[in-house]
């Protein structure tokens with residue numbers, strides 16, 4: 001019996017049940033992934049005990065020589081991974097990374113261009129319920145009604161009209177390749193800075209299966225989980241000329257002590273991402289997404305933009321009685337985890353939605369490949385066809401569990 005299970009069996013039991021859920025359910029939330037045992041070990045280490053305000057070699061606390069080693073490793077590996085001049089690995093999350101860049105470039109009331117949340121953007125790209133929408137004058141851009149892909153001509157028109165201080169590029173639910181040179185050219189016409197939030201595609205970028213935004217943007221932010229398959233956290237990449245400003249905007253600007261156990265885990269994840277097998281893994285994520293999209297469309301599902309170029313897709317129920325909320329709940333009962341999601345030109349409430357977001361990073365970490373994607377599409381179709389039929393959904397769950405048992409993830413952690 002573990003120390004935790006002896007002292008706090010309630011927490012230990014919840015952790016065990018979550019381990020079983022991750023092991024036996026089909027995880028299709030596009031922003032989720034499973035870290036390696038090495039990353040778990042680093043994050044669960046004694047590094048969690050150390051305060052280390054400041055930066056390597058310039059701390060406000062003594063005893064930081066060992067945490068300096070891991071932070072420097074994380075920084076240098078991140079720079080190598082993305083070809084960046086400077087990396088700050090201290091942001092606790094992607095939102096803090098984005099906030100630091102806003103603070104470095106903009107004053108309250110300045111104009112920014114950001115992707116409309118319902119068209120695939122992110123809360124921190126100017127949503128009115130977020131700090132980014134409250135502090136700045138936000139001009140949203142979106143996708144074309146015809147292609148459901150980014151309308152670059154409209155972005156240029158808006159930029160020329162509103163003269164933004166910064167253009168925010170990136171998305172949380174956009175299934176297509178983003179044209180970074182096009183955004184750079186638009187920004188240059190109006191003298192704007194470019195911030196690319198590559199949180200969703202960082203792993204794809206690191207492996208060279210999606211274009212790299214670093215050469216085209218003054219600032220690139222990301223989370224370190226999602227496709228990058230590291231611990232939950234954030235990071236900022238920037239040109240050397242902005243290094244001091246960015247560092248000061250993180251500490252002491254918006255954060256105090258960094259989470260050194262998480263930074264240690266980031267360093268490990270970045271080393272993993274530098275290995276040849278990581279490229280193979282990212283290529284498989286994209287292959288799986290393409291196959292799943294193909295199979296879903298063959299079963300009659302409408303996908304926003306007609307498919308995917310990356311790791312995710314949006315199943316669009318517009319024009320049907322099915323809602324994203326109902327589909328999410330039915331799939332959950334079938335052992336398949338997705339999230340309801342707004343779709344472009346959404347007509348329903350964000351608490352109900354007309355779509356679900358589906359992604360392949362986590363199931364690819366389990367080892368599923370194209371053959372299994374055909375089965376996955378069948379599970380999804382069967383579950384959506386049986387909304388409200390709990391008996392049928394329970395039967396699908398058994399089939400899902402049987403499939404996932406063939407692809408163990410954390411076998412040593414199961415009882």
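Just so it is clear, glycine is given a Cβ too, placed from its N, Cα and C backbone atoms.
Here's what Swiss-Prot has on this protein:
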type	residues	note
BINDING	117, 121, 122, 123, 241, 349, 350, 351	(6S)-5,6,7,8-tetrahydrofolate binding site
SITE	225	site 'Plays an important role in substrate specificity'
MOD_RES	226	N6-(pyridoxal phosphate)lysine
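Recorded features from Swiss-Prot, shown on the structure.
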residue	record	DSSP class
117	(6S)-5,6,7,8-tetrahydrofolate binding site	helix
122	(6S)-5,6,7,8-tetrahydrofolate binding site	coil
225	site 'Plays an important role in substrate specificity'	coil
241	(6S)-5,6,7,8-tetrahydrofolate binding site	helix
349	(6S)-5,6,7,8-tetrahydrofolate binding site	coil
Legend entry - Entry from the binding-site residues list 117, 123 having the most other CB atoms no farther than 10 A: 117
Legend entry - Rounded inter-Cα distance in Å - residue 123 ((6S)-5,6,7,8-tetrahydrofolate binding site), residue 225 (site 'Plays an important role in substrate specificity'): 18
Inset, instruction - Using all protein chains in view, find how many other C-beta atoms are within 10 Å of the C-beta of the residue listed as 'N6-(pyridoxal phosphate)lysine'. - result: 28
Inset, instruction - State the Cα to Cα distance, in Å, between residue 121 ((6S)-5,6,7,8-tetrahydrofolate binding site) and residue 226 (N6-(pyridoxal phosphate)lysine), rounded to an integer. - result: 16
Legend entry - Distance from residue 225 (site 'Plays an important role in substrate specificity') back to residue 350 ((6S)-5,6,7,8-tetrahydrofolate binding site), taken between C-alpha atoms, in Å: 25
Legend entry - Neighbourhood of residue 225 (site 'Plays an important role in substrate specificity') by C-beta distance under 8 A, where only residues 6 or more apart in the same chain count: 31, 32, 33, 35, 231, 232, 233
Inset, instruction - Compare the C-alpha of residue 226 (N6-(pyridoxal phosphate)lysine) with the C-alpha of each of the binding-site residues 117, 241, 349, 351, and give the closest one. - result: 117
Inset, instruction - Counting other Cβ atoms within 10 Å, pick out the least crowded of the binding-site residues 121, 350. - result: 350
Inset, instruction - Please state how far apart, in Å and to a whole number, the two most distant Cα atoms are among 117, 121, 122, 123, 241, 349, 350, 351, the recorded (6S)-5,6,7,8-tetrahydrofolate-binding residues. - result: 43
